[in-house]
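Remarks on the structure that follows.
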């Protein structure tokens, strides 16, 4: 094993589970539960898509174990510089966009407790997560310690939440009524749940980018093991959840767990839950420093962005990219605060959907890249059954995106949030191309200036 490997198999396994599990599930399981029996269908569809993602990324990681950038690298190999940049930029910008959801989620909890101080809680929540973001810039070792401490807090609260749900399920015994209970489900509600629940698995694609730093020969088996452990835990949790009387909770995805803690433990439960959410996002923010900041490094190394972004500090860390990523995340949080102050309806789900649109875009791009590389025989031949799974996953994601992004297709009205989502999505993607274009122009000017200077010297 080469010296560059910095993670043992066990450390990677634990890091992955800790990185993925937690906030995403808490924030989105409510949308699955609202569907009653159809929730199981949505759960399985989302899990199938993520299984395909795990298969694709693990196959690519085994083929290119030393490649930095994950799906960016595969897109660059199959689609050239333009295909590579689109995949690389959309892969990177997901992190800063989704960082907006953490303070929005915390603010929603605090407002439920004391609605009269809503604006104060908006500012307080953003301030807390800006502080957390700043702390995670202190270096790789500090981030790992931060992850360890906050993870202990997160897992304690998650364990308590499981106990609370088991208690409520045993008390309510509502499995049958939840299973056969009727609920109005239209195409947007169903596909919205499929899209949202992807967040529960968010990070599967990110950890694949660390393949070259793990002491294992077959990364594919390790990543698939991570997926099946996640799936098993989520599925068992979902089945237990089905025993809880959802009509008593009567809450959407943002406040569902808060209601569970309130019903089972009263005010003390809300306090425990709030601490847990903060601990969970502390851990996620620190983990994000390790993964997301590396996504922008590869873009700089390949000259889409200024090369100084990819410089390492004395500790051998990508210090500049960490600072840059944290700064962009803070700006995004402030934008989220602005939306809240402007009273934009359901800001949390609005932002969440934008981030998840980019998730789907990244997944579809990776499937296409792998199929192209397999046809060129640059990666191992993809078995027919796996190829078919990729195609089915692509169709599912395209259908979900079209229905969610263009409501009139299913007879639903176009809303302000749809306009904000589309324009924001195009704006975030377009910003990347503007930055690349400016950098390319500056490079061209420097090159022309150098050529003129050289020509003068020759004369």
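From the backbone N, Cα and C atoms, a Cβ is placed for every residue, glycine too.
Where the annotation comes from TrEMBL, it is an automatic prediction and has not been curated.
Keep in mind that this is a model prediction, so the values were computed, not measured.
Record features (TrEMBL):
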TRANSMEM  12-29  transmembrane segment
TRANSMEM  35-57  transmembrane segment
TRANSMEM  95-113  transmembrane segment
TRANSMEM  119-140  transmembrane segment
TRANSMEM  152-170  transmembrane segment
TRANSMEM  190-210  transmembrane segment
TRANSMEM  222-244  transmembrane segment
TRANSMEM  256-278  transmembrane segment
TRANSMEM  322-342  transmembrane segment
TRANSMEM  354-373  transmembrane segment
TRANSMEM  385-407  transmembrane segment
TRANSMEM  419-442  transmembrane segment
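By the count of Cβ pairs under 8 Å, the stretch nearest in packing to the transmembrane segment (152-170) among 35-57, 190-210, 222-244, 322-342 is 222-244. The stretch with the most CB contacts under 8 Å to the transmembrane segment (12-29), chosen from 95-113, 190-210, 222-244, 385-407, is 190-210. Between the transmembrane segment (322-342) and the listed ranges 95-113, 190-210, 222-244, 385-407, the one holding the most Cβ pairs under 8 Å is 95-113.
Residues 9, 12-13, 16-17, 20-21, 25, 29, 32-33, 39-40, 43, 47, 50-51, 54-55, 57-58, 61, 162, 165-166, 168-170, 172-175, 178-179, 200-201, 204, 207-208, 214, 216, 260 of the same chain lie 6 or more positions beyond the ends of the transmembrane segment (222-244) yet place their CB under 8 Å from a CB of it.
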